[in-house]
Structure formats: structure tokens, C-alpha cells
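Would you mind keeping the following structure in view while I ask a few things?
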């Protein structure tokens, strides 16, 4: 019996048809980048310069944008009231579910690509392509939208709207309804240049800008607390109480402010550049998210206490709160905080995209142009320049604020797929590893050795069995009883043997995800007939509950202990935590709106065509040979010995 798996032996079988090959192409999975993969000499490696402080700077800088300076007023007025702090806390806990999943996969699979990389390893090439394609959209639109938001806030420092220098101010092109923003494109080019210099240098610059933003938020907290204690916290002394919109309003506010926590996933995209990824990546992700949550909660607690929630200015809630207490000068500090927050977020939006493009190009799904790493700076300079040019052009000509919802789709899809990948890793981790066809001779040699040794072992076992039968002095009846045993127990054990356990776990994960979709869709679509809505909710809830019970009852796969790079962080409370993460993210995805999904569907359709005509045909796994994971190191050792 050889090492080649049956699924790969059949790839060359033409009788299965073209469609079978296409399906197999969509589900083929790649190997966790190991020392063998990275030492192939085809690509220059990224610089391993990042430590925990660098990762915290990237995470906090990418997460805390200028939205927090506006979000507190909008959410407090429309949803949460004085309970805004609890809304931020609930949203932070929900974000932590995704952060736990990212932390485990980032420490096990520390390579560029983030959610695209994890999906490719755990789910398959087709899903990984869609996730990577969606992330490209997310970071392109996100970076352009952030850049367009800088000039209005920068104008406040120069005395108000229209006070920027001519070469920075917005201008409308006569005859067409297009407003160009030179300031946005100039800032994008500056950030692109910083990112091309080197990962450590750009991270230090981001840390400086982020520190200025954090100082502005600390000013709001400290000065606001002083004013609050002086005036008696009038925002909390209201007849409507702490929950004017009820618990539903507080939860609706949490769903809105959840998007303020998006950004920590940028840390995972730098995994290949971290000195000690097994330790530093989980610490960096956790510390960044904790700092953001604490700052959000403290700022919201202060602001809703200074001004009654119904009297907040929805556009400038923090500046207005200080102005109402005689501190008009505070608006300049807050404007500095908003500008630095946007600049830091802009860096966090452009930073991950070249690394995702590089990862996809390494896998053959995009042109090799994007996989080039500069020898001196050790960053993907070509991909960074292309990303910067596209973002600069979009931010110069287009008002992309209407497309901002598409950013959320990419993020939530990535969060969902990362949580699913954790379930797959724990219950059905890949037991087949793709190797390059250049190792075919070594694989055949090792396979032949195992076939011969297997034959010897089977022959010896047969001789031992015959000898034992001849020498046995036990009565025949005793032997029969020993062989029969307890058939019911044997059947139960057979049901949960390793092969069946993997099948049960795989199908359970799939039906659990289906149940989550049905439950959240029926709960969100109020236009469905009442009986149909409750029926679909019941079916979805039953699938979800049964899936949770089954996954909790069966054992996790032993292969999880040796999957990827061991010794790092492991996600707690599996399967409950990943399933809760999937539930939250799918609910938010469904509620993004029809117009957003129509735009995203067009982008994903374009991606599917690109994959069909380019990615599928140029995939690095197209001619890969799959072998059991347990024999990979032995094959590489044999290959090295034969070359020595």
C-alpha cells in the first residue's frame, strides 16, 4: 500500500470528466508554510523585525479611526443612550471571539495572507480565493475612504472648511459632478513611500502617529472626567434612566459599534515578519484589542455623562460636549486626534494588501509580479506601489463613502471563515499534504519501502497468529465468547472510530453553519410570512443546537496537536466560541443591506471569472502530489540524503 492518497491518484483519471477536476481544484488545500516550503529559494523572505510593541502599534493604529469621534454621538442618540459604554463592552467581547480564532491560526500558520492563508490550508482553494479577493476590495475601498476623510478634519486645524491651501483643498471639476481631493492622494503616496522603506520603519512611524491619537483620547477622558465631577454628570441624571431604549437598543448599539473594532486583523497579516510568532502574535492581538476596548469605553462613559444623550451633536459630539462647558479650545486637540487617527488607519489599511497579494501570487493565483520582495528593504515593494497608486487614484477622483459598506463585507467574511477554520483544524485537520512533483521519485521510493515493510509485518502477524492457534490450550467455547464480546458496544465503538468520527465532525460543521445561516436570515428578514419565518428559525435553531451538542460530545482530532507550528496559543471553549463567532458575523453580514450585497456580488463575480481563467490554471497545487502528513519530514529527509 503506497503513500499516495486515493483522491490524488484519481486526478489524472480522465474518465471522471472535466467537472470532477474543477471540483477537486476548488477543494485542494495547501501545506502550512514550513521550513521545507520556505527554503525553496524561489522567493526572498520578509524581514523578521516585529515584536509585541510593534504589533500593538499596528493593531491599535489600524483599529481606532476617526469614527469614534463621531460614533459616540450617533449611537447614543439613536440606540443606547447612557448605556453606550455597555454597547462598546458587548461589541468588544464579540470582537474578542474573532480575535481568539485569529490568535490560534496566526500562531499555528505564521505566514503572510491572514484569513486567505488560513482558508487555503483548512477549507480549500476556491473559498480561499474568494476570501482573498474580498480582502483586496476591503483594503482598497477602506484605504480610499479613510484618505477622503482626512482633508475635512485637517481643515478644522486651519480655521474651518475652505481654509486649506489651494493645492490641498477639494475642487469640483466644471461640467461633471466630480470632486477631486488632492490632499487624500498626497497622503496615500506618503504612506506608500513609508511602507516601501521597511516594515520596522513604517511601524515606528505608525506608532508615533497612533501615540498622538491616544494622547488626544486620554485628554478627552481626563479633562472630561474633571468637568463631569465638577458639573455633576448631568448626562446620567435623566428621568429616562440608564436604558432609555431598553436592552434591545443597547444591543442594536453594540451591533453598530462592532465595526469600530475592525482592524486588529491587520496584525495577523504581518505574521511572517514577527520574530517570535507563537508568542508575540497572540499577545499583540489581545493587547491591541484590549487597549481599544478600554479607550472606547472610557471615552463613551465620559461623553454621555457630560451631555444628555438626546442633546448630543451627531456630527461633532465630543467637541460640542466640551464647548457646552466653556472649553471651545478643546476642539483643536480633538481635531488633531481625528487627523492622526485617520492617518494611522490609512497606514493600517494599505499595509496588509501587498502581503495578501504576495501570498496569492506565491500560490500562483495572481501574477508572480506581486510575489517579488525587495532584497534591501525586504518588503513587497511592487505590490505596495500598485496598492498605493490604486488607492490614490480612487481617493482623488471618487467619493467612496457610499461603498464603505463593502469594506464590512470583506472583514466579516474573513472573520467567519477564520472561525470555521478553527473548527476544521480541531475536528478534521488536513491529513494530506501537497508536495511538489519534483519529489515524485523520492515519494515513490519511500512508498515502496513502506509497501515492503507492510508486507513483512503482515506475514509475521499471520505466522504469529497461526502459531498461537496451534499452541493454544484454551477451550473452544472460551475463544468464541472472547471473539463475540458485546456486539452493541462494538457497534457504538465502530460508529465513533477515527474514520467515522472525521466524517461525522465534517458533516456536523457544515450543517451547523447552514443552521446559523437559516436562523439569522429568518430572524432578520421581517418580510417573510409569519409561519415561514418561525419555521425557518426553528429548523435553523435545531441544526445549530444539534451541531453544538455533537461537536461537544465527540473527541477532537489528535492531529491538531501536530498541525502547523506547535507551542502557540490555542483558542478556548471550542466549539462554543467559534460557533458564537460565526453566529455574530453571519448576522451582521445579512443585515448589511441589499445595495451593499449587490455591489459585492458584482466584485465576487469578477473574482470568480479571474480565478476560472487564470488562478485555477496557474495554481501551484495544480500538479501537486498529496501524501499523508505523517510522512512529509521523512520524504524531505530522503530527498536531502539523495542529493548529498
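Numbering starts at 1 and runs along the chain as it is shown here.
Positions of Cβ are set from backbone N, Cα and C atoms, glycine also.
Whatever TrEMBL says is automated annotation, not expert-curated.
Bear in mind that the values here come from a model prediction, so they are computed numbers and not experimental data.
Per TrEMBL, the features are:
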{"type": "TRANSMEM", "residues": "52-72", "note": "transmembrane segment"}
{"type": "TRANSMEM", "residues": "84-105", "note": "transmembrane segment"}
{"type": "TRANSMEM", "residues": "117-141", "note": "transmembrane segment"}
{"type": "TRANSMEM", "residues": "153-173", "note": "transmembrane segment"}
{"type": "TRANSMEM", "residues": "179-199", "note": "transmembrane segment"}
{"type": "TRANSMEM", "residues": "211-229", "note": "transmembrane segment"}
{"type": "TRANSMEM", "residues": "241-264", "note": "transmembrane segment"}
{"type": "TRANSMEM", "residues": "285-309", "note": "transmembrane segment"}
{"type": "TRANSMEM", "residues": "329-351", "note": "transmembrane segment"}
{"type": "TRANSMEM", "residues": "379-397", "note": "transmembrane segment"}
{"type": "TRANSMEM", "residues": "403-425", "note": "transmembrane segment"}
{"type": "TRANSMEM", "residues": "504-524", "note": "transmembrane segment"}
{"type": "DOMAIN", "residues": "569-619", "note": "domain 'Cationic amino acid transporter C-terminal'"}
Averaged over the domain 'Cationic amino acid transporter C-terminal' (569-619), what pLDDT does the predicted model reach?
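A mean pLDDT of 92 is what the predicted model shows over the domain 'Cationic amino acid transporter C-terminal' (569-619).
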Which bits of the chain, at least 6 residues beyond where the transmembrane segment (84-105) starts or stops, bring a Cβ under 8 A of a Cβ in it?
72, 75-76, 118, 250-251, 253-258, 260-262, 264-265, 267-268, 281-282, 285-286, 289, 292-293, 296-297, 300-301, 304, 309, 415, 418-419, 421-422, 425, 568-572, 577-578, 580-581, 584-585
When DSSP states are grouped into helix, strand and coil, how many residues of the domain 'Cationic amino acid transporter C-terminal' (569-619) land in each?
40 helix, 0 strand, 11 coil
Quick check: do the transmembrane segment (117-141) and the transmembrane segment (403-425) share at least 3 Cβ pairs under 8 Å, counting only pairs 6+ apart in sequence?
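Taking Cβ pairs at least 6 residues apart, the transmembrane segment (403-425) and the transmembrane segment (117-141) are in contact, with 3 or more under 8 Å.
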Where among 211-229, 285-309, 329-351, 379-397, 403-425 do we find the most Cβ pairs under 8 Å to the transmembrane segment (52-72)?
329-351
Who are the chain neighbours of the transmembrane segment (211-229) in space, where the CB to CB distance is under 8 Å and they lie at least 6 residues beyond its ends?
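Sequence-distant neighbours of the transmembrane segment (211-229): 60-61, 64, 68, 295, 298-299, 302-303, 305-306, 318, 321-322, 325, 327, 330, 333-334, 336-338, 340-341, 344.
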Residues sitting near the transmembrane segment (153-173): Cβ under 8 Å, six or more positions beyond its termini, same chain?
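Distant contacts of the transmembrane segment (153-173): 66, 179-183, 186, 331-332, 335-336, 338-339, 342.
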Out of 241-264, 329-351, 379-397, which stretch has the largest tally of CB pairs under 8 angstroms to the transmembrane segment (403-425)?
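Ranked by Cβ pairs under 8 Å, first place goes to 241-264.
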